[in-house]
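Engineer: Sharing the features that TrEMBL gives for it:
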BINDING   Asp80, His191, Thr193, Glu351  Mg(2+) binding site
BINDING   Asp80, Asp356, His360, Asp397, His398, His473  Zn(2+) binding site
ACT_SITE  Ser130  active site, phosphoserine intermediate
Amino acid sequence: MLWLCRAARQPQRDNNMKVTTLLIICSGLIFGSLGKPQFPEREKDPNFWNLGAQQTLSEALTLQDLNKNKANNLILFLGDGMGIPTVTAARILKGQLMGQSGEEMQLEMDKFPFVSLAKTYNTNAQVPDSAGTATAYLCGVKANEGTVGVSAAAVRSQCNTTQGNEVTSILRWAKDAGKSVGIVTTTRVNHATPSAAYAHSVDRDWYSDNEMPPEALEAGCRDIARQLFENIPNIDVIMGGGRKYMFPKNMSDVEYPGVAKQSGLRKDGRNLVEEWKDKKKDKKGFYIWNKKQLLSLNPNNVDYLLALFEPGDLMYDLERNTETDPSLTEMVEVAIKILKRNPRGFYLLVEGGRIDHGHHEGKAKQALHEAVEMDRAIGRAALMTSTYDTLTVVTADHSHMFNFGGYTPRGNTIFGLAPMTSDVDQKPFTSILYGNGPGYKIVSGGRENISTIDYTENDYQAQAAVPLSMETHGGEDVAVFAKGPLAHLFHGVHEQNYIPHVMAYAACIGQNKKHCVSQSGTDGLSPVLSTIAALLTVTRLLS
C-alpha cells in the first residue's frame, strides 16, 4: 500500500479529485497497517480517567503547602514566539517523536505547578515585537516596540531620546547582588531578547555600528554588541551566535573563511572578542566557537565564558551539525555547571529564539522542533537544580499567527492532513495553517493543491490565508509556567512586566528587599514583613 501512496504523488495530475481521494485512502491504510489504535485501549475504561483525575487532585492539594523559601537561583526560559498553540503542537510532536500518539504527552513545562497568563502588548502596539516585550519581562517596564532597555519615553531610532530613559534588567539586579549571571540563546547574543538584559538602545537593529545611521553614531549612541561588553562587563556566561558583529569589517570568520557574508562587520575596527579575552586572561576566562571546545571545558575551572557558535543566529535544530554545533540543552548544562558554583546563586536567561524564526518563515516543522528542544533543555535544568531554592519560569514574549485544527483524529501526525477535503474547493489541507505569511499561493486561479507537493519536508511553508513575505506575531496572551520559591505568585492574568518583579521579590534582589530578614547570617523571607512591604508598595504606587 506504500507504493500506492507514492503513486499518488507522481507528476501526472490529470485528475486532482482522484489523487486527493487516493491520498486520503492511503493515509487510512497506512494508519491501519501499522496496527496503531486510534487511542490506547485503557482509555475505554472510565477507571483510567477517574484514577488519573484523583491522582492529579491529590497532587494539587499538596500545593497548599506553598514554597516560601528564598530563591537562591533564578532561571527564565523564554520561547520566542511560543504561543499556546505552539506549546500544544510541540507537546504532540514530542509524544510522536517517542512513538506515541502525542496528545497525552507531558512537556517539562506542563509539569510546573503554577500557570498564569501574561498580556503582551507594547506601549504603542497591540500586537508586540520581541524588543518591547523583552524590556517588559526583563526590566519590569513596558516599552515601545523595537526598543530595548529603555522606557516608553524613548522613541525608536531617535538616538537623542535614549539618555535619561534607560531602565535596568533583572540580570543587572542579580549581578549587583553578587550572583553569577548568564545568557544562553539560539539567536545572536545581541538579538532583541538577550539585548534587553544588558543594553539600552532605541533601535533593536543596531547590532553593530555597521547597522547604525551616521547621525546616531555622531550623537554618541552605542551599538548593542559594544554594550554587551561595556554595560555589564562581568557577565559570567554568554552563549549564542553573533560573531560577525564583534569583529572588524571584512575580517574573515574562523568557521567560514572567505565567505564574505559571514565576515566581520564593525566599521570602528574594534575586535570585541580580543578585547574581552585581554580583560579575562588572568580571570579564568575562555572564548570558544564550537561544540568540541564547549564539551572539553572543565566547568570547575571556568569563571567567565564567551561562546559564539555562528556569525549570525545558530542553525535550526533540525539542520544542526551535531558534531560541531551544540544543542540548546548542551549549552544550558554547561552554563548551569559554571554558574551554580557561586554560593550566592545565579540568574540565567535561556532563549529558544528560533521558534520565532521558524514561524516567521511559515516553517512550522522547524519552529516546533525548536520548541521541543527547548523543552529538553528545561528538563536538563530541572535535573541540575532543586525547586527548594531555584525559581524557574517558562514563558513566551508573544504568539504567532499559527494554529492547527481540521477535526484531525487522535494520533494524526501533527504535520499531516486533515481527514477531509475542503467543501468549497474540494482540495485537501494540512492541519497546521497560518493566518498570514509566505505559504499563501495561488495556482491556476485557486488554492494550491498540496497533494502535488511534499508537505512533510523540513522547510515546507504551511498554507496561509493572507500573503506576506514574513508571517506576523499574534496578539493573544501567553502562558507563564512557574515552579520553585514563591512560584504561586504567578497566578491569574497579569501584565508581562510583572514577571521580573516576582522573580526579584523571590530572590531578595532589586527593589524588593524589605520583606527579607537576616536569619543566622543568611537572608530569609518574612511572611508578615512581605505582606506589609507589598501593601506599602501598592500604596506608594497609588499615590
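Just so you know, glycine gets a Cβ as well, placed from its N, Cα and C.
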Engineer: Validating a neighbour-count step here. Other CB atoms within 10 A of the CB of Ser130 (active site, phosphoserine intermediate): how many?
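Structural biologist: A 10 Å sphere around the Cβ of Ser130 (active site, phosphoserine intermediate) contains 27 other Cβ atoms.
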Engineer: Pick out which of the binding-site residues His191, His360, His473 has the most other Cβ atoms within 10 Å of its own Cβ.
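Structural biologist: When each Cβ's neighbours within 10 Å are tallied, His191 leads.
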Engineer: When you average the Cβ positions of Asp80, Asp356, His360, Asp397, His398, His473 for the Zn(2+) site, which other residues in that chain have a Cβ within 8 Å of that mean position?
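Structural biologist: Counting only non-site residues, the set is Gly81, Asp129, Ser130, Ile355, His359, Ala396, Ser399, His400.
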Engineer: Using Cβ-Cβ distances, find the residues under 8 Å from His398 (Zn(2+) binding site) that belong to the same chain and are at least 6 apart in sequence, listing them in sequence order.
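Structural biologist: Listed in sequence order, they are Gly81, Gly83, Thr120, Val127, Pro128, Asp129, Ser130, Thr133, His473, Gly474, Gly475, Val478.
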Engineer: Closest to Asp397 (Zn(2+) binding site): which of the binding-site residues Asp80, Thr193, Glu351, going by Cα position?
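Structural biologist: That would be Asp80, the closest of Asp80, Thr193, Glu351 to Asp397 (Zn(2+) binding site).
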Engineer: Applying a 10 Å Cβ distance cut-off over all chains shown, what neighbour count does Thr193 (Mg(2+) binding site) have?
Structural biologist: 29
Engineer: Give me the Cα-Cα distance between Asp80 (Mg(2+) binding site) and His360 (Zn(2+) binding site), rounded to a whole Å.
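Structural biologist: Cα-Cα, rounded: 11 Å.
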Engineer: How many neighbouring Cβ atoms, not counting its own, are there within 10 Å of the Cβ of Asp80 (Mg(2+) binding site)?
Structural biologist: 28
Engineer: Can you give me the Cα-Cα distance between His360 (Zn(2+) binding site) and Thr193 (Mg(2+) binding site) in Å, rounded to a whole number?
Structural biologist: 16
Engineer: Sorry to bug you, but what's the C-alpha spacing from Asp356 (Zn(2+) binding site) to Thr193 (Mg(2+) binding site), rounded to the closest Å?
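Structural biologist: One finds 11 Å between the Cα atoms of these residues.
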Engineer: List the same-chain residues at least 6 positions away in sequence whose Cβ sits under 8 Å from the Cβ of Asp356 (Zn(2+) binding site), in sequence order, or say none.
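Structural biologist: Those within reach of Asp356 (Zn(2+) binding site), by Cβ under 8 Å and sequence separation of 6 or more, are Asp80, Gly81, Ser130, Ala367, His400.
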